[in-house]
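I have placed the structure first, in the form of structure tokens, so that the comments after it can refer back to it.
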Amino acid sequence: MQSGNDTRISEFLLLGFSEGLEQQPLIFGLFLFMYLITVLGNLLIILVVVSDSHLSTPMYFFLSNLSFADICFTSTTIPKMLWNNQTQSQVITYADCITQMYFFIIFSGLDIYLLAVMAYDRFVAICHPLQYMVIMNPRLCLLLVLVSWLTSVLHSLLQTSMVLRLSFRTEMEIPHFFCELNQMIQLACSDTFLNNMVMYFAAMLLSGGPLSGILYSYSKIVSSIHRIFLAKGKYKAFSTCASHLSVVSLFFCTSLGVCLSSAAPQSAHSSAVASVMYTVVTPMLNPFIYSLRNRDIKRALKRIIGVQ
């Protein structure tokens, strides 16, 4: 297929959510509020974990890494959207678009892998409590985080390099508020068969694998909790993984909603709206879920602010 231009296209246009100028102040205020809550809430989680020695456990080590990933995740898209909103410009350069997509894939993948690692941590804690500190030793915890980072970076490099080989027309409009991989591939005017194959295969392998691990871990956890006779013991066992289960459900359900909306015809706008759920809302709610449902976090917060 002949392209209107080669890959040296200089810029794209991010259409965002609405073309009406009267709605832009409302969109700016809403997203600025959610972004600030996300950054401050996750920074608070990191501060609490780092400053309180009682939280020096594998569970909170992974939680602090998840909070850092969430901050970076939202920071790859929202600041640019807010800047374009204020300047009333939809332009993003080709280089900035590729860079944004590269970091977005890294931190979205890192979120998935860390959630899977945290599920394994809860599995060991509930199903093998006497061996927990032996199995989840500091070396293994660090290795799991490093492997998550390495896998995310390599996956992002693969997807980004595949997009760099595509050709685009002179003027390209992206019906989204950020440079999303699937949208980029759909807008290319060269052959995208290989890109689609790599994208879907990587999605099944790198997202399906962690999700399968999470489901397996929780099936074993539920089985172990069911064997506990005392109601108090069941509640205590379940409460240790309730927050993580809430975050997993929220993240994967919203991600599934984005996939379904993307598959529907004429769904560019609905896909952008659905993407807000897992790119902005989920990272914003994570600190509240972990702080409101976690006694250790609430106690640490009280110690930091000096409340008895």
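Residue 1 is the first one shown; counting continues down the chain.
Backbone N, Cα and C define each Cβ position, glycine as well.
Automatic, uncurated: that is what TrEMBL annotation is.
According to TrEMBL, the protein carries these features:
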type: TRANSMEM; residues: 26-50; note: transmembrane segment
type: DOMAIN; residues: 41-290; note: domain 'G-protein coupled receptors family 1 profile'
type: TRANSMEM; residues: 62-82; note: transmembrane segment
type: TRANSMEM; residues: 102-120; note: transmembrane segment
type: TRANSMEM; residues: 140-158; note: transmembrane segment
type: TRANSMEM; residues: 197-216; note: transmembrane segment
type: TRANSMEM; residues: 237-264; note: transmembrane segment
type: TRANSMEM; residues: 270-292; note: transmembrane segment
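Ranking 26-50, 62-82, 102-120, 140-158 by CB pairs under 8 A with the transmembrane segment (270-292) puts 26-50 at the top. Sequence-remote contacts of a segment are chain residues at least 6 beyond its ends whose Cβ falls under 8 Å from one of its Cβ atoms, and for the transmembrane segment (62-82) they are 14, 16, 28, 31-32, 34-35, 38-39, 42-43, 45-46, 49-50, 92, 96, 100, 103-104, 107-108, 110-111, 114-115, 117-118, 121, 141, 144-145, 177-178, 279-280, 283-284, 286-287, 290. Panel annotation: around the transmembrane segment (26-50), residues 16-18, 60-61, 63-64, 67-68, 70-71, 74-75, 78-79, 81-82, 85-86, 280-281, 283-284, 286-288, 290-291, 297, 300-301, 304 of the same chain, lying at least six beyond its termini, place a Cβ under 8 Å from a Cβ of the stretch. Across all of the domain 'G-protein coupled receptors family 1 profile' (41-290), the predicted model scores a mean pLDDT of 86.
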